[in-house]
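Peer 1: What follows is a single structure, and I will ask about it in a moment.
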Amino acid sequence: MIRVAAAGGGTGGHLYPLLAILETLSKDVETKVLFFAVKGKIDEKVVKQEHPEYEVVTLDVRGLFRPLYHPKNFWRAAKVVNAILKAKKELLRFKPDVIVLTGGYISGVVGLAAKNMGVPIFLHEQNVVPGLAVKTVAKYARKIFVSFERTREFLTEWKDRVLFTGCPVRETKEEVDLEDFVLVLGGSLGSDLINSLMEEVYRRISCIRFVHSTGSRRWAERLSVFPNVTAHPYIENMSSFWKKARASISRAGASTIGEMIYYGVPGVLIPWEGSAESHQLENALEAERLGYAIVVREKEATPQKIIEAIDKTMKKGKIEKMKENPATIISREILGEIR
């Protein structure tokens, strides 16, 4: 048995790749998991619901305001110090064999708590441009796994420890009884911009089938009036839809792009330009450069522009699926390092 301490949360983009890694590790070897979650956030809720066998410890932390010298950061920094002390106490009690971190401010807290404990730390960065937490903890990491080759440019100081894997994906054996549709996603909380844009698109297009995860029951009911649209407030078994999708329309969160690339589904990306450190825009532009996507900026997003992008994307056709799930590669690398 190996004892794994893990953190990566605050958003689904950090959480789901981490769960993919942990679930794959548990298939390869017996594990006991200590999971650090952000109090009141998605990681606490999802992990307690889906993995009651994990020991969950919540930390009361929030991300820092930008710029970092923002006056409100004084109070947040005090919370960070308390969270580091709590995390260190829990780590000393749990005695992990390995620590797996996938970004978000809680990863920075746990990484700093563990830096002098002699336990191997493994990082995964989902975004093209590494976040503050990953850059803070990188110097203490045994290996840094990345979703994009270009991320190496931002981690040159630790280039010997960087390994390009892609973004870990949670897979399911479930199948959906649908074929030849466009998958529309707005992220784990939905997107009013995408929902309202697509409502106008649906008024104009009836010859294409859409499956739309809206993020809210209200929007799902509103969009279900269109006969060619299957709308859900939230899709649980996302991978079963990715497997059958012909194209996609979404924000540009790293885990969404990771799924898009893994399953070989070309996409129309509308990056949220308010994301921290312009992560979504950078992710979208890199996916476009690699030939996986067409980027439509928020200020240029009109129903007609989206229709034109859908047409180009569907003509492109599906791309070859990745041969191996990045979660499998990462699990193999971790076990190879600690055995």
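Here the Cβ of each residue, glycine as well, is placed from N, Cα and C on the backbone.
These came from Swiss-Prot, pasted as-is:
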- T11, G12, G13, N127, R170, S188, I235, Q280: UDP-N-acetyl-alpha-D-glucosamine binding site (BINDING)
Peer 1: Could you check the binding-site residues G12, G13 and say which one's CB has the most other CB atoms within 10 Å?
Peer 2: G13
Peer 1: Helix, strand or coil at Q280 (UDP-N-acetyl-alpha-D-glucosamine binding site), per DSSP?
Peer 2: helix
Peer 1: If I restrict to non-local contacts, at least six residues apart, and a C-beta distance under 8 angstroms, what lies near I235 (UDP-N-acetyl-alpha-D-glucosamine binding site) in its own chain?
Peer 2: V211, S213, F241
Peer 1: If you count, for each of the binding-site residues T11, N127, Q280, the other Cβ atoms lying within 10 Å of its Cβ, which residue has the minimum?
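Peer 2: T11, out of the binding-site residues T11, N127, Q280, has the fewest neighbouring Cβ atoms within 10 Å.
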Peer 1: Just how many other Cβ atoms lie inside 10 Å of the Cβ on R170 (UDP-N-acetyl-alpha-D-glucosamine binding site)?
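Peer 2: Excluding its own Cβ, the number within 10 Å is 19.
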